[in-house]
Structures are given as structure tokens and as C-alpha cells.
Amino acid sequence: MAAASASVLQRCIVSPAGRHSASLIFLHGSGDSGQGLRMWIKQVLNQDLTFQHIKIIYPTAPPRSYTPMKGGISNVWFDRFKITNDCPEHLESIDVMCQVLTDLIDEEVKSGIKKNRILIGGFSMGGSMAMHLAYRNHQDVAGVFALSSFLNKASAVYQALQKSNGVLPELFQCHGTADELVLHSWAEETNSMLKSLGVTTKLHSFPDVYHELSKTELDILKLWILTKLPGEMEKQK
């Protein structure tokens, strides 16, 4: 697996309606797929998430053994020792996937999309993966979003940011206060740690929302995406 590249990733792609000038990489949660995430978003919004100028890439994590499932095989971006914020990260698996997803970013750059026109984000584990990818390896992307996600207390992301002195991508973070799988307090802690390390970020909290996507959340995410990746008309205003 050490030599894995983006070629191992199945991907679901939603093409822009007009000229492609920006790209969005949207990472699913544990046990899901790129196609599954796209269909879930479509169900919540009652329509596909689409843009005039932004290509959306929904990759699928390659199947691997997952410790919280007693070693069962699942589509996960990395392994966890357990689902909590106070245990060590499984850095070996995180770093392998950072390289695989870096290859995916490089593919977009080779096709003519600048790094500052690429956004990375995800739901749950996908959001955690996006934060590792952007803040440890790609601090020149347009922005990062994390929906119902968290970082472990001693995360390698925090260690990387302590050594950083450049401009960091903004983080858009959302979390349901009723989430019982990934606690809202873990998201608050992640947000305050990143803020203290120089990341511009706001945590949007949603009362009565569990570990799920909500329409309100996706509506404000879409607006934020357009502020980070404006089309030609928006840039001229």
C-alpha cells in the first residue's frame, strides 16, 4: 500500500454546468462511498450539489481493515484505534492516504486548475482526512471544510501548524449538537485549537442535528464554497 496512488481511488464526478475553473474534493465518512455521499447530499437538498464552474470529485476510500469494526473491512480513509479524541492517531494509515489524495490534487493541477482554486472537505472521517491533507501538506489550497468531524487531542495537524508561519486556508466547520457518535464538544475543542494556531475558522452549530447532514448546513456550505471559489462574474463584482 505504501506505493499507492490516486489510481486506486474510484471516483464519482459531477461536472460543472459551464467552464471548469475550480475543483472541489468532497470526502465521505467511514463505510460510505463517493457515489453514496453524492446521493445522500442529493436526498437532503432534493437536487444534486452542482456549480456553474466547479467540478466536484467524490472519491471512494479503498477498503481496508478498520479497528473499531474489530478489524472488519470497510471503506475508510485511515484506521483509528478507537472513536474518541483522547487516543493516538493511526498516523501510518493517515500518511499513506495523504499521498494518495495528493496525487488526486496533482491530477487537477496538471489539468490546469491552480492550487488556490481547489477546495478540500468532507463529512465525519472525511473532514478529519481533509484537515490532515490541507494543514499538513497543502496549505496553499483555497479552503477546507469539516462537517461532523474532529481531530485527536495530540493531532499531527496541530504539530504541523505550530511550525507554520505562512497564510493558512480558512476552515468552515459544522456540527450537530445532538451528535452522539462524534461529540459536539470534540468539534469545539478542534475549532479552538486550530484558531489558537492561526487558522481562520468558525464553528456552525446545529441544534437537534445528529451525526448527519442537514439542508441548512449544506445551503450555507454552498454559499461559503462560492466565496472561496468565485466564478468569473463574482470575481468581477
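Yeah, the Cβs are placed from backbone N, Cα and C, and that goes for glycine too.
According to Swiss-Prot, the protein carries these features:
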{"type": "MOD_RES", "residues": "Ala2", "note": "N-acetylalanine"}
{"type": "ACT_SITE", "residues": "Ser124", "note": "active site, charge relay system"}
{"type": "ACT_SITE", "residues": "Asp179", "note": "active site, charge relay system"}
{"type": "ACT_SITE", "residues": "His211", "note": "active site, charge relay system"}
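Taking Cβ-Cβ distances under 8 Å and a sequence separation of 6 or more, the neighbours of Ser124 (active site, charge relay system) in its chain are Gly29, Ser30, Leu147, Ser148, Ser149, Leu181, Val182, His211.
Around the Cβ of His211 (active site, charge relay system), the number of neighbouring Cβ atoms within 10 Å comes to 17.
Around the Cβ of Asp179 (active site, charge relay system), 20 further Cβ atoms fall within 10 Å across all displayed protein chains. Asp179 (active site, charge relay system) falls outside any helix or strand according to DSSP and counts as coil.
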